[in-house]
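Report on the structure given below.
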Amino acid sequence: MTDQKRLTTTAGAPMPTNEHSLTAGNRGPVLMQDYQLIEKLAHQNRERIPERVVHAKGWGAKGKLTITNDISMYSRAKIFSEVGKTTEVLSRWSTVAGELGAADAERDVRGFSFKFYTEEGNWDMVGNNTPVFFVRDPYKFPDFIRTQKRHPVTNLRSPEAMFDFWAAQPESVHQVTILMSDRGIPTNPMHMNGYGSHTFSTWNAAGERFWVKFHFKVQQGHKHYTNQEAETLIGKTRESYQEDLYNAIDEGNFPKWKMMIQVMPEEEAATLPFNPFDVTKVWSHKDYPLIEVGMVEMNENPENYFMYVENAAYSPSNVVPGIGFSPDKMLQGRIFSYADAHRYRLGTHYEQLPANQAKNADVNFYHKDGSMRFFPPKTGHVDAYYEPNQYAESAKADPSVAEPPLKIDGDAARYDPADPDADYVQPRALYAEVMNDEERGRLHSNMASAMGPCSDSVKERWYAVLRKVHPDYEAGVRKAVEDDVNAISVTDDTPVEV
Ligand code: NDP
Ligand code: HEM
């Protein structure tokens, strides 16, 4: 006998064949006692789990963060404790609206998630390739996502729904401008920035709190496809990101991002003319300069896609001592939503799957049974399945990791934004000051293609939003829509050769 591995059942019994059903006679029907055939077919029927309700299509890699600058004056998190320190990372990038089989090179915002396996637990940075978001209140998130998904009658994506919603939602115009700009179709995840987008908090060893925004600056340079380039590419392959990313890492070309932060002292938030907890706004780089933290390098393809990328469960609720939340309403909504999604999509003990295990931390908790209870109790003592208890070895809470108290005051109410005109200021800066003429031209034409199928009333409502950003923006998109319509009617009039 060689050292050839023997095929077995899942219960470990050696299998005589993996090809021939047990039949009554050479041509006869299958016997029910061929349990391994039933097992094989039954497993196939259970190979799929629900796809993510958003961000279903994704690509991932393993890597590390190396700290290059001391920021311990802002955060006591151990991940930042010394220059040169490295921490393992699992990344997942994604498109927002596409389903699992969607083409990679579609125009969409890209998800940008890092799971840092720190020695004080997993810290998940679940961001996007854009610094802002479409809406600022979690009440609006499910409605927004419905406009991105299939129409209930046609079962098609609906530009009418998208622009109808955005036109009633001027806070969206900042993010929609980025989406329709060159950055709306990165050539692959290795050519885009990442942003935590929300304002988070950090606190240092002295208990001082800071408000912080996280940035991940791409080191390979920004690269994007035009609509036409993307259409041609999708005609050839729908999996261009997976191919590019997997092959780059396989060939040793490891993509990198410089991690940077913007920092605001806690008290300053109350003195500002704008709301620093509004995820539809950035903090100006001039007022809050970027501070270097470290370098993220992705250098390993996961040994199994499903096990590490599909099973990855990212959640903004996963923070570690020294990193915390902020009053941002959207962030507060997300703190509930993700773990709830994971319990539904993956199961009760999803944090114990290899992708999600806090493998560099000493993990102890009292959650007891339920589906996926495939690991021994982690309470420190076999009889300690409740707390408080008499057992010295059992896990106890550590008050030294408590966040400094946060003063919150104000009347409980449902507030409108103080200054709706503020929604136009930052998209105006992006349009008029950051973009050049060529970029503005492509923005006009990309937006015209996207809104071309909309009704005139939706178009007019959206033009009114663009006008408030900048009159040239409205004029440029209006002209591009009209040019497109004329181009279509010229084509329609062209005699068809038979
Ligand atoms: P800066 O001139 O300091 O920064 C402009 C930023 O815009 C750069 O970070 C650049 O990214 C980014 N950028 C360039 N083209 C695009 C695009 N098509 N879509 C999105 N971002 C792009 O200006 P301010 O900080 O004063 O901000 C001005 C405007 O820039 C903001 O209103 C906002 O719209 C946009 N912006 C600001 C960011 C911030 O955190 N302050 C972050 C991203 C955008 P890079 O350096 O990587 O090329
Ligand atoms: C995925 C909810 C806003 C980035 C998801 C998922 C849900 C969700 C339920 C699927 C999780 C899963 O099944 O694994 C929400 C809600 C939001 C919100 C309720 C607002 C209230 C945002 C914002 C960002 C963002 C503002 C970025 C700044 C992502 C990313 C993923 C994701 C990157 C994919 C994570 C992965 O790769 O697995 N979101 N989201 N979301 N969301 Fe959000």
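Backbone N, Cα and C atoms are what each Cβ position is placed from, and that goes for glycine too.
What TrEMBL says about this one:
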REGION    1-26  region 'Disordered'
DOMAIN    8-395  domain 'Catalase core'
ACT_SITE  HIS55  active site
ACT_SITE  ASN128  active site
BINDING   TYR338  heme binding site
**OP:** Take the region 'Disordered' (1-26) and count its residues per DSSP category (helix H/G/I, strand E/B, coil), listing them in that order.
**Re:** 0 helix, 3 strand, 23 coil
Subject >> Cα separation, HIS55 (active site) to ASN128 (active site) (Å, whole number) >> reply: 11
**OP:** Have a look around HIS55 (active site) and count the other CB atoms within 10 A of its CB, chains all included.
**Re:** 22
Original post:
Here are the recorded positions: ASN128, TYR338. Which has the lowest count of other Cβ atoms within 10 Å?
Top reply: TYR338
Original post:
In which DSSP state, out of helix, strand and coil, do we find HIS55 (active site)?
Top reply: coil
Original post:
Quick one: Cα separation, HIS55 (active site) versus TYR338 (heme binding site), in Å?
Top reply: 12
